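Database features, via TrEMBL:
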DOMAIN    5-468  domain 'UvrD-like helicase ATP-binding'
BINDING   Ala26, Ser27, Ala28, Gly29, Ser30, Gly31, Lys32, Thr33  ATP binding site
DOMAIN    469-762  domain 'UvrD-like helicase C-terminal'
REGION    861-890  region 'Disordered'
COMPBIAS  861-870  compositional bias 'Basic and acidic residues'
Amino acid sequence: MGNNIPHSLKEIIKHHKFPHLLLLEASAGSGKTEALAKRYVWFILAEGKVPHNDISNILAITFTKKAAREMKQRILEQLKKLALSKHVAIFEETVEQLGIPPEELQSLAEANVSRVIERYSDFQIQTIDSFMARVARSAALELDLRPDFEITMTYGELQHYSIALMLRQVGSGRSREITAMIDQFLDLLNQLARPNFIWNPELELEKKFSEFLGVESKEIGNLVFEDRRNEIQQCRETISQIYEAVKALPLPKKEKYVEKFDNVLKRGNIGEILRRTYSQHTVPVRKGKGSEDETELYESAEKEWLGLIPVVGRLATFDSLSRCHAYGEVYREFKSMLQSVKLRTGVHHISDISKILNQYLDEAIVPEIYLGLGQRLYHFLIDEFQDTDPVQWASLSPLLYESLAKDGSLFLVGDLKQAIYMFRRADYRIMRGLVQEVKGEISSYQWLPPSVRNSAWVDTLGKNYRSGEVILQYVEEVFKNNLKDVLGKKEFQRDLTGLTDFVQDPTPKMKGKGYARTMRFVKGAKEEDEADTAPERKALLGIINDVLNRGYRHRDIGVLAAKNRELAMIVDWLITANIRASASSSLDIRKRKIISEIIELLKFLESPVDDLAFANFILGDVMARAAASRGIKLDSKELHQMILDKGNTGRGYLYQTFRKHAESNTLWEEYFENLYQKTGYYPLYDLVSMALRAFRIFDNFPEESGSLVKLLEAVNILESKGKNSIQDFLEETADEKTELFNLELPEYADAVRLMTFHKAKGLGFPVVINMIYESRPPSNSTYYDKEGEKIRVHYITKDLAKKSPDLAKIYERRVIDNQIQHLNTLYVMCTRAKWELYNLVILSKENGLLGTLFKERELGQKTEKEKQDEPPLPSPTPVKLKHGTEPDKEWGRDEGWSYTRWVDAKRGEVYHKILETIEFLSGPSGKKMTDIMDRCPAITQTPFDSEQIRSDIESFLSCSEVRGWFEPLPGRTVFREKEYVDKSGNLYRMDRVIIDEDEVTVIDFKTGELKDYSEQLKKYMHVLGEIYPDRKVNGYVAYVDSSRVEEIK
């Protein structure tokens, strides 16, 4: 194998070992990201030494956007260091590996910094999902995708819509096939759920279908729901026959047992049959008196009875499959609906993309993919390799195989001990299998490409750059000693990820440094009553205060726990104790009081009959401070009384009571009236901006400016997806899984960081406090067994697995996976600390796995840090919403349409139609007017007095000022009912525009009462002034029926 050949980049270049594969087995804190960044930098610097080393030919894949940003930053930092100084550690190492003279290396690094910045779009450091989406877009037509398809991160909306469409076809007068299918499904579902009853099957469907989609998206193949009811019946008959045969033997019966088993067979309940024990002790007959004949008969009976064991095993397997068959037809119909919805909306889940590509990609099609991408990839660098799932690996494989068949390379970095995403179907076995194949530990090949079987190596990153030596010793004691002691026992059958044999050495500056302590608390019945009296709370607060008193800052401390609900409890503890804290879950702006009040306001605007939403808003801080800014003091008691009185009367709606109330009427007109009228007319972003400005929320809550800007950003993102209504926004706020409303905590924020163990992966803190609560893995009786491209769905319990060897294998696999994930998570949380590590272990029993691993222990010495004067934290940036974020048109209260107003409007339309037909007047106006009146349909078909209209028009055109607008002067151009658009896109239709050589005149014809139309004419004049900047613009309002002309200045 190639792993015996020197494989540093220097040796690879010297012996031109391209293609090749290098896999780095890492541990926590060993510099995985640094190694990847360094590899990338060396490749792009090695001109003429590494083939195809242009940045467009190299792809680095990470598993989170944050990791991608960090890697880009590291690469640019390393290039800048090389360009600016010869006295950095990486400089000598780069000279050694690439054989480039120092003076050339600096200029080369500087040129590459410029190259990366100038061609940033070719700087390909991205998540695997982003890359797959990019490949899919380049081949959208071949994949039967719309060119403008969108990607969603959650199935929620697509799934909910598809299920709703399917269920809409259920019922009388609708689809008979689907109605019958759903009826059968509900019968089967309730049979399986006995003695419980499924009251809301739609929720059950959504839950299970979400799980099924998640499995199919991460595994190669499709779910298979097998109906084994015929086989179940055959097994029942066989059991009955054997039982009756044994019972018929001339031997004494075990009367009670026989009676019970007779009833079991009579009821035919599979669960009861499987719960029975089939062994030498449960043979339904006795040995008798011990004669030779009776002994032979009994041995025969015992043999027959024990022959039931394999039959019962098959029955258990068939029952396991058939219990899930109820979902089969419904799931297939749902997937058909889901596919239709995807095609119609052009929205696809991110996991669909990899699945589609996996079915489409092979090595023969790769050149076409590169043609679509506009570039060819030769070198792949993959981070967190242990978290790759089967579909991702299968989708990447054709690209990897193609590059490794030429002068390409594959650089993989992973740590099996940090495989903690198996609940997302990530499969550590891919990395483990590849390591074994490269090392020659197994003779067959599943993962290693043939082209690099003689140039593939596994290397180890053995240094720890994060933690002090004492912390490393503590971690080794927990896993290499305590865990190793239970190896092979029930708690820990096999070490499949290297938790008991890893090696890590500290850096010289970290030798002898660090502090670690384990504190154990055993839950007692009395201690569970109140979380605030829990002993771990007192210990946690004591540790944090001690750490702060020794010079550490709040942001130096990380508090980690397994679940968000545990973090929520801990956040409350810290805030109550006046300790600044921020949890990843608390960075959701929807949990901010001010944002929740704005959401209540939008609920009211969407549905004014929602009294609860209106009450929540007027009783909140936004309303109180807005009123106070106007010098109005809101009396909360009076508001509460108003709400109670309205509730007692039961008449009308709360907002109507508020609007009519003498003291609150002013508030309604000041704050609500404008918003209330414009809801439904304005886009969502404009409406939210108006609300923020109306209630002066940015001014009154400057400390919330970050959350408010994030709210506007979220609205803008939704609008870009075509979700423009308040209802769309409210549906998004109700989605618990969406990350649209999450803020990123700025680095300078001085607060204790709280996050889950999973979120902490890849991060480090000077001080880490782990809150380790003993809990069971989540229970789920649905299991999956893959055979080829079939993924069979089983219902398995622990007792059922004992009846069938086949089910036992499937069950044991998940047990092992849960065990590995749990232990790996413990390893991850123990390796986040730099100087001090505290493990607070809350046990339900002392002799469990956690009790074995974490014994009371204290190692090392705490350190004092010099308190540094920190620069003051930046004040919130004042945010002012400019006017102009809403349409220019004013929407005042409509005065209402009376009959008189309607008649005046219709008469005005007639006057406009007549004047629109006149370009110029020549000769006596009367003669011209006669021709106009005779030909104009507006006058011949009018229900009004035509003679009165004739008289009004003649009088109007006889005015000297008016007549001048209709004279045919040299160079004059006249536009009638001309439409103009201003620079903001607003459309204006002007009655008459006269373009002369040195001036422009706009006339607006009116009828009826004299009103102030100056603002309207000024807008017209402003638009014309921008179009004709070298000419004077005149504006007039002309009342046709009264022959009055008003000039607008």
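All positions are counted from 1 along the displayed chain.
Glycine residues also receive a Cβ, built from the backbone N, Cα and C atoms like all the rest.
This view paints the features noted in TrEMBL onto the structure.
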residue: Ala26; record: ATP binding site; CB count, 10 Å: 27
residue: Ser27; record: ATP binding site; CB count, 10 Å: 25
residue: Ala28; record: ATP binding site; CB count, 10 Å: 24
residue: Gly29; record: ATP binding site; CB count, 10 Å: 24
residue: Ser30; record: ATP binding site; CB count, 10 Å: 23
residue: Gly31; record: ATP binding site; CB count, 10 Å: 18
residue: Lys32; record: ATP binding site; CB count, 10 Å: 22
residue: Thr33; record: ATP binding site; CB count, 10 Å: 19
Look up Lys32 (ATP binding site) in the DSSP assignment and reduce it to helix, strand or coil. helix
ATP site shell beyond Ala26, Ser27, Ala28, Gly29, Ser30, Gly31, Lys32, Thr33, criterion: Cβ within 8 Å of Cβ centroid: Ala35, Asp415, Leu461, Asn464, Tyr465, Arg466
Restricted to the domain 'UvrD-like helicase ATP-binding' (5-468), the mean pLDDT of the model is 89
